[in-house]
Protein chains: 6
Amino acid sequence: MFYYDGKLQYQVRVDTPDPRFARMLQQAIGGVEGEIRVCLQYLFQSFGARGPAKYRDMLLATGTEEIAHIEMLATAVALNLEGASSSEKDRAAKDNPVVEAVMGGMDPRQFLSAGMAALASDANGVPFNGSHVYASGNLAADMYANVTAEATGRALACRLFELTDDPGMKDMLRFLIARDTMHQQQWLAVIEELGGHQGTLPIPNSFPPEEELREVSYTFFVPGVEGVPAPQGRWSEGPSLDGLGEFKLMPGQPFGDKPQLAPPLPMAYAERLQMTAPHSADPASDPTR
Amino acid sequence: MFYYDGKLQYQVRVDTPDPRFARMLQQAIGGVEGEIRVCLQYLFQSFGARGPAKYRDMLLATGTEEIAHIEMLATAVALNLEGASSSEKDRAAKDNPVVEAVMGGMDPRQFLSAGMAALASDANGVPFNGSHVYASGNLAADMYANVTAEATGRALACRLFELTDDPGMKDMLRFLIARDTMHQQQWLAVIEELGGHQGTLPIPNSFPPEEELREVSYTFFVPGVEGVPAPQGRWSEGPSLDGLGEFKLMPGQPFGDKPQLAPPLPMAYAERLQMTAPHSADPASDPTR
Amino acid sequence: MFYYDGKLQYQVRVDTPDPRFARMLQQAIGGVEGEIRVCLQYLFQSFGARGPAKYRDMLLATGTEEIAHIEMLATAVALNLEGASSSEKDRAAKDNPVVEAVMGGMDPRQFLSAGMAALASDANGVPFNGSHVYASGNLAADMYANVTAEATGRALACRLFELTDDPGMKDMLRFLIARDTMHQQQWLAVIEELGGHQGTLPIPNSFPPEEELREVSYTFFVPGVEGVPAPQGRWSEGPSLDGLGEFKLMPGQPFGDKPQLAPPLPMAYAERLQMTAPHSADPASDPTR
Amino acid sequence: MFYYDGKLQYQVRVDTPDPRFARMLQQAIGGVEGEIRVCLQYLFQSFGARGPAKYRDMLLATGTEEIAHIEMLATAVALNLEGASSSEKDRAAKDNPVVEAVMGGMDPRQFLSAGMAALASDANGVPFNGSHVYASGNLAADMYANVTAEATGRALACRLFELTDDPGMKDMLRFLIARDTMHQQQWLAVIEELGGHQGTLPIPNSFPPEEELREVSYTFFVPGVEGVPAPQGRWSEGPSLDGLGEFKLMPGQPFGDKPQLAPPLPMAYAERLQMTAPHSADPASDPTR
Amino acid sequence: MFYYDGKLQYQVRVDTPDPRFARMLQQAIGGVEGEIRVCLQYLFQSFGARGPAKYRDMLLATGTEEIAHIEMLATAVALNLEGASSSEKDRAAKDNPVVEAVMGGMDPRQFLSAGMAALASDANGVPFNGSHVYASGNLAADMYANVTAEATGRALACRLFELTDDPGMKDMLRFLIARDTMHQQQWLAVIEELGGHQGTLPIPNSFPPEEELREVSYTFFVPGVEGVPAPQGRWSEGPSLDGLGEFKLMPGQPFGDKPQLAPPLPMAYAERLQMTAPHSADPASDPTR
Amino acid sequence: MFYYDGKLQYQVRVDTPDPRFARMLQQAIGGVEGEIRVCLQYLFQSFGARGPAKYRDMLLATGTEEIAHIEMLATAVALNLEGASSSEKDRAAKDNPVVEAVMGGMDPRQFLSAGMAALASDANGVPFNGSHVYASGNLAADMYANVTAEATGRALACRLFELTDDPGMKDMLRFLIARDTMHQQQWLAVIEELGGHQGTLPIPNSFPPEEELREVSYTFFVPGVEGVPAPQGRWSEGPSLDGLGEFKLMPGQPFGDKPQLAPPLPMAYAERLQMTAPHSADPASDPTR
């Protein structure tokens, strides 16, 4: 169960409202790198956690923190949309700075749909989409999903930091960037606790190794046409990171043949020719030519 | 530029077609853990790669391999939808095994929209969504995104492996599971090349550390109400993974006040009461009561 | 800011797990009538609240309660997916009850993507979509949006109640149905506080009445072809609900003419004929005939 | 069945085309508050209407009217995109006012995808999404959904009214605002006919009251942490609106325990540690620490 | 403007309700091949029509007809969901045929969200998406889009015909299949009126031919690796269909070089190594190796 | 299987980077008329091809070519986002041309989410959606879908051509426009090979003609209200294009009656009145009035 106190986790101050920056902040609310996503992601991972209870608890703690980040950013959006003189309603639209803001770069739905407040959408107005809530049931996979969310999320916050000169906004972003630093650490610390590369790889580590085709488990395929040099690096030679194999390079090549499908099912109503023409894999012998 | 040979990267064989399994395979084609996603993700990361060229090349190699995986899985879907007797069209719908398959558990759009073939959708028929193509411009963030894709992708392939007894399908999955093993390794090998935790964290590592609020960069906040024990682990004490700090635990608490927004903008047309009532943060003194 | 205690707001017990019911419950989590929606809707209305602070606070209270409902339902999903014998892994897929459950009616992604847990999606696997988070900035409009959410939500919960015989699930639904009763009341109580129909209508009540075309503000148009009887009721005669007009009936009829658009813009590349043919509203005189 | 006459329900005139306003109008066409939504919503409610036929008929009448509103707005968009000189094609892009309009604030897809016409999308170019078509089968729930649509729709129209100085556009909006006034009335008139609060609440009113947990049906829960004052109002004391209970206030508190899920299903391939570590709810006793 | 009469364009009769067929019918309502799509597509093409007025009028006529098809199909869905005995409410869920229908193959949202009626979604419950409304402003392009819609729509209707033995449903589909026949004809008749292949190709035919790279306008590129035979047919030799060129075959090959992007923009926060490492296109000389 | 060489199919050069044009180019990447769509569409049609093998091969060839077009356009986007001075990071945001570009008209996610590179989205930032991948299993339907894609795609490319003065961009578009010319030809050449109108219509041509309601297969219905003239043209008289009928005109009129649905199912919880009121089709006799 959850509780609130109505205060902000960290102060949100806007010295000079900027409606265009309010649009940018939407990415940190409803974007794929945003706070609704991490909030729901950690909460769903927690709600579905099976195995040691402490991970459920940790996920719950941080998922709860992220609700407060949504609150901070939504407040920041609302404050960036304020500040127009109260007499704007009497002006003609063409001289009205609010009109210029709405039509000239802010998210118009912040005005049209929300009356000058935040939306559950990204910086292009695309609504948050729940398919980004990764909760795979595999703890290691989830931790990497979480690192991804916090790494792209911190890159986003750093980029937002560059888009504003507002001291209040910079201050808020300094806090959020630091929290993303911690959260990256935190999920990687779980990986370390699970034994690092050797303890977790390949993910899932519970699938019987003998069931996979080990011949290609450490092979870097290079499907370049003739003459294309192989990209080389840590992945193309030396021991594998899980300690179970040796990397090797191999040109890409087909192990299979050309696929052959059956003729169309009559009740699926292909064109007649598809159903009656000889069904040949060799275009040279094709009687429809 | 890209080339084809029309053969399959690995043999796809279906001994006993199973239309319900054809639906399950859709998750590996158009799902968030699927091959369209990794294919486009690696290609877009490559197309937008800035910095050392070898990463662009490696991404291109593996992105190209993934197109072949879409081809294999689409073929597997088509083959699982075959096998009904050619006389089915004369039967009444109620006795027709194809009708039963379409209405009884396969993806009906594999028949209705595709005439017994694969779709660019997941196992619930939800179309592939391009927002899952992560290409952040930050190499480390992208590598973690790729590990996530391959970890959830391998979990998916292992789960699919359990859903079928078909020797051909199991054989194909053994190959795909092994490739996911390699691809997990490969992206983590880049992280290692970039210097591992200490070389890459926090991501992005190019943001000036002094600009973030370092006091909270290694603090695990526990916003539990009174009496809730703190979840402890590698993340709550000891040196941070980037070697730059020391983890600590702290109860969650607000550093900010209650937010105060301005009254509604007249031209945004709130209700009159919202615009005229005293605007108080203290419900006890609120004259609308 | 938000806090947690890790307990459930109300007990969630499943006596006889039913994977198909787990799919049904998804509608109450990620569906348009579901808890993610109301949770975010009330929170965003609160975060963007302008005007008397008590409404912000009330919305925050109930938005916080709804997070706990997501938690309850996600737990209910996970429990409905349990219970298969621990030896299932050794069975062939065709005899395995888990396989039958996954392929035979449950949401396959609860297994494939989540490893037997809840998703942020609806009963058809369609991900939650943030555009359903209504927070218009107009308190009365928002209250009606909230009533709608709780009315369709309660209908959903009642329908779920009919789909299960499980005493634990029925008990949980009794609680949720009662909460939806209260929440309907609560939002309508705000309308009453705002003055009921006469105090709030038309919404927004702050638009100057003289600016709208009052002649058609209380007219029920019936665009039936000749001979179609007018549907009559409280809306077709008697005083309007806002006390400002009188309902009347009128056949639908055009007040405008046939629209006339300019020829295509050359740089938009219509077909040549569209750009050169005489541009006539009268097909009879059209030289292309 | 449906019929047309090719005329506009109300005159649409644009004195000074404004491509940026054409983008704003998209919200009223394909947005969640827009006309495609209400049109389909009323038609689907009508097509699925069960119970007294007059509601089916009334919904059909107004659903049919709304098609004409889509027509008006699409015409308004097209007209706002006209007016550039016919010689623009010979100019360099950098001096071309159409190019500036396309790249400088209008919806670029109105040019790129539609050749200067309206789209079935909102003001951010997000396509109309059918999940907003509410038709619940419960008449009271649907009426509130309709009031919501018309209340947010009227707020949208009023906000659009502020964004333009064009006399033709203002005239058209005056008509649409008035129609939204009527439609709000109309749906509330049905509620009145159904008996108002006492006749309809709780929605659905056909669920047996004794089956819900009446103890919490009129209780306003306040899950604030210690020290947070309870938001009070009409919802916290006095008789309930359905006349069946008495409102009361209660602090939020868990009636349930900490949830306990079973260990992972082997065939769902969690990490090994999740399957083998003791499964304890108490982090203090957790052997993985 | 639009009008209604409340009757069905063609009789809709269901002799034996089949809830699973009700799900299939959804594809014809809200699917990409469905009636909401063609309805809105023809109406938007009409509303935005520029050039000879008769095409606007024809599109309006057929767009209006399609609304009636939505009405027929929604009615068919509702009727297929009827028929369960009125005493079902007293049975336990496990013996209730309605429960079995809801959980066993019908679209559960037809019950959960709509109370046994149609939705604005496809056969997988994916909501209708407005991006399928093609109205390009180019008449020839639009006609081909319309042929596509009617060709896939007729294939869908034929496939639905195979899934049912119900005489009423077969009768309705016979009508709809015939209408799709006509509508295919109709859009192709416009192409013929525009001059057929030679009059319309390439679409748009108003782009100055000298501006395109004519050397590759009639060349079929075959990017097969060495040894792959070229697929030959009408497209690889002989005069082009527009009468302006001659088809020829050519192996695929790059006309361009390897792309070279600039180093990352500092304010976009790539990893440090991406910004500092020498930026070489030749992996062999890459100092990061 | 697929291969790469890392070179561009055609040179991509940007003389004067233009971030706003980078946004426009997104439509050609991830838009409904864009290259991801045609690439996946042709590949899925190929992967699921049943019937003569040469069509599978041809689709594979062109599908492979389209991957190279995505590569070219993604490169063009990246290059259009370059060129800001390397010292921009030291400037205040308000004087920074990159900041102005991000907030003033480019797709902000190209910076925020991708660090100055392309996205898998359209010009409004709406992610690519896999439902646009048409692969119906009917060759003729698919060919028309492909013509549509190339016709709208070429219109898009022509429109993009008008938005730029950059010689490099114009050169690239000349190539792409020419390829779209060829691809339109190519798909229509298949139709010709299949026998043209008479050989393919109606699509699917394998449905038994006697099963459709031939009386309305060549009838153009005009559901205009009284006085509306019938839009006439090639579609209203003369032989049908398939040579099997004669076009004729008919006013739209209902062949069916008013639909009558059963009363609500008790377990679907309509309002009580819906379940108990007499169920009459005649509003005049309705006792609820």
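Even glycines carry a Cβ here, placed using N, Cα and C.
All annotation found in TrEMBL is predicted automatically rather than curated by experts.
TrEMBL lists C:E35, C:H69, C:E150, C:H183 with the feature Mn(2+) 1 binding site. The Ca(2+) binding site feature in TrEMBL is assigned to C:D57. What TrEMBL records for C:E66 is Mn(2+) 2 binding site.
The residue listed as 'Mn(2+) 2 binding site' sits 6 Å from C:E35 (Mn(2+) 1 binding site), taking the Cα positions as reference.
For C:E150 (Mn(2+) 1 binding site), the Cβ neighbour count at a 10 Å cut-off comes to 28, with all displayed protein chains included. Chain D lies within reach of C:D57, taking the binding-site residues C:E35, C:D57, C:E66, C:H69, C:H183 and requiring a CB-CB distance under 8 A.
Surrounding the centroid of the Cβ atoms of C:E35, C:H69, C:E150, C:H183, where the record places Mn(2+) 1, the chain contributes additional residues within 8 Å, namely C:V38, C:C39, C:T62, C:E65, C:E66, C:A149, C:G153, C:L176, C:R179, C:D180. Using CA atoms as reference points, the binding-site residues C:E35, C:H69, C:E150, C:H183 were checked against C:D57 (Ca(2+) binding site), and the closest is C:H183.
Summary for the binding-site residues C:D57, C:E66: the Cβ-based neighbour count within 10 Å is maximal at C:D57. Residues from the set of binding-site residues C:E35, C:D57, C:E66, C:E150, C:H183 situated with their C-beta under 8 Å of a chain B C-beta: C:D57.
In sequence order, the binding-site residues from C:D57, C:E66, C:H69 that place a Cβ under 8 angstroms from a chain A Cβ are C:D57. DSSP assigns C:E150 (Mn(2+) 1 binding site) to a helical segment in the three-state reduction.
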